[in-house]
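Data block below; observations after.
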């Protein structure tokens, strides 16, 4: 049914006078609400259309007539087909009136989808008023006719009957827009085209489909009723504006059903799932599984199509359970002086989800450890508390600790939880006494002592103490651990230290007047322990070293000017046993004071110079007496070696010969000797190498005579013939291979450089000594076969080395064999140009007929 408002208002609500039998959709489609048999008489009911805004209502009576069963193609009188007439237009050629045209709106054709036919199924008849005077042809164009998808709608060109050829699917195409044409037999347009709209009426032929078959959601435990959980969504391919596509949701089942079978509800239109009951407890039920059903036809269980999906709701953990200690008191023990050791494990239980902030425990020391010697760490896997020692504990001071410990979670408890936020326990820790190391007091010990203390003198007493007051053990034993200069010894019982040598402050083992020695104190505990102590001896200086002159050698000129030599006094002692120093020349010999004079220029320095105008060049030993300022004074006579030489105006020595005559230093002499030795070795090696090379050349010349060197022309066959001078040959010699001297006669190790290396000789056939005309050919063929199968034979492209055969062999020469058949026509004169190695070949072949 259609209702067209004059004002264009589309907010119309359709109603039926028989709602239990017939229902009218918002689009005007009339549905049967139940299955029933219609009588042969027409059934009438009233359809009302009400304006939702003005509440104005219109009514129309509908007469419903049963359609007779179809048998093949229905006759024309069975069903009345609606005619669609082209708009009327009038032509009056003789009248001055102009052409008139009227427009009308052709209502859409509603065709239900999934029709069972029969097909083709007639829809409407299109005709023109001019078909009475003209022979017209009808056609339709548009998608579904002559455009893809083609062939759905066809028209009889004569009668104008429009038919559909197959069932339609609204989910693919909801409407078709066709255009009808009327032309004469010549193809001339007779009428203006008219538009035909065919709407495919939706049928409930698609079930709802959920976007996911399994939906996952979460909800915190302890949530209040009305807490949003998740949303499930289904879609229906049918018309969403009609009841066929209007979905409704409901929960079919809940598993498990505790603590209530209806813990959740779902909004039947939006699919939102919320909680409706309290009592969600993850520790009891960790997951709920809901079966959700979506039904179209607004949830009508009779006519609607349904589908189901699964909603899995996980109950997430909140901190509603505090940690609880498994015991009220824990016990542990620790050896004294041990750190970073675990002395006790504190175990707790927590019903919350493991390895979450609501389960992870934190431990605090609330009492019993005022000095901070302990800490408690948390084991991330077991959640246990590990009581660990931070600072050393002395058994002689504290033998037991009683700690108070509290445990709580990383996050605070949820609101409304009645449990206390933390759990407390006590930890009793016993300290175990162990054998401790003795220690010297004081350490290090400083002793001030003058150097020069004789051996056997008592220096000091250096003793240690044993901290183990409660252990039964004997007295300590002392020993020396480090004494670089080996000056001291210690009594093993009482720790008295005496000297074994004279203490010397100027020793290399004394640094900054301090000498360090280390001693060891050991007890007899189990296990034995020992401790070390350092004795520092500060040595006071005495005047036990006389000053010396520095440098020991000097150079000056022969003349009086310039001839000053600056010297310095060196004393290992320190103030006041060192400078200022007194410098003077001895009285004897008399030439010293006659030739030289010395003047002190500072406390440590003096200047030596010539007293006379000229002193002959040479080396002079000048003794100098130096006295320090100690009490008593210490003096020594040091000899200064002075080299006197001729000088230029700048004071530099120019008398080279005299300086060389004065002698070279030891280092320079050693360097010169090494250079000479290396040079001699190189010369000797070169001479030896030259002699060796000459011997090798002579050996080669003796071994091979250029006149007889024919190694490039002779092959070794182990059965050797005579030399080239053997012209009278005897074929019997070829049958006597045993007459040739074998290689085994040669002394072992004596072989020429060009001789083939010795390998295992192949087993070539041995020919009989009896002469036979065909014996040579057979022997050669058998030898050829043996050589081909010889694994030790070199390849064809390898370098072959042959023995030098020499001359004077008792066998016949092979060169006398007749070879005219192979090379008699060739000219061998060019062999004369190839050198001495080819001289014999040139004589044999290049000399003409002779």
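Our numbering is plain: 1 for the first residue shown, then up by one each step along the chain.
Any Cβ shown, glycine's included, is placed from N, Cα and C.
In TrEMBL, the region 'Disordered' annotation falls on 807-828 of the listed ranges 785-806, 807-828. Look at the domain 'Cadherin' (326-440): DSSP puts its residues at 0 helix, 53 strand, 62 coil. Residues belonging to the domain 'Cadherin' (548-654) score a mean pLDDT of 81 in the model. Helix, strand and coil counts from DSSP across the domain 'Cadherin' (441-549) read 0 helix, 48 strand, 61 coil.
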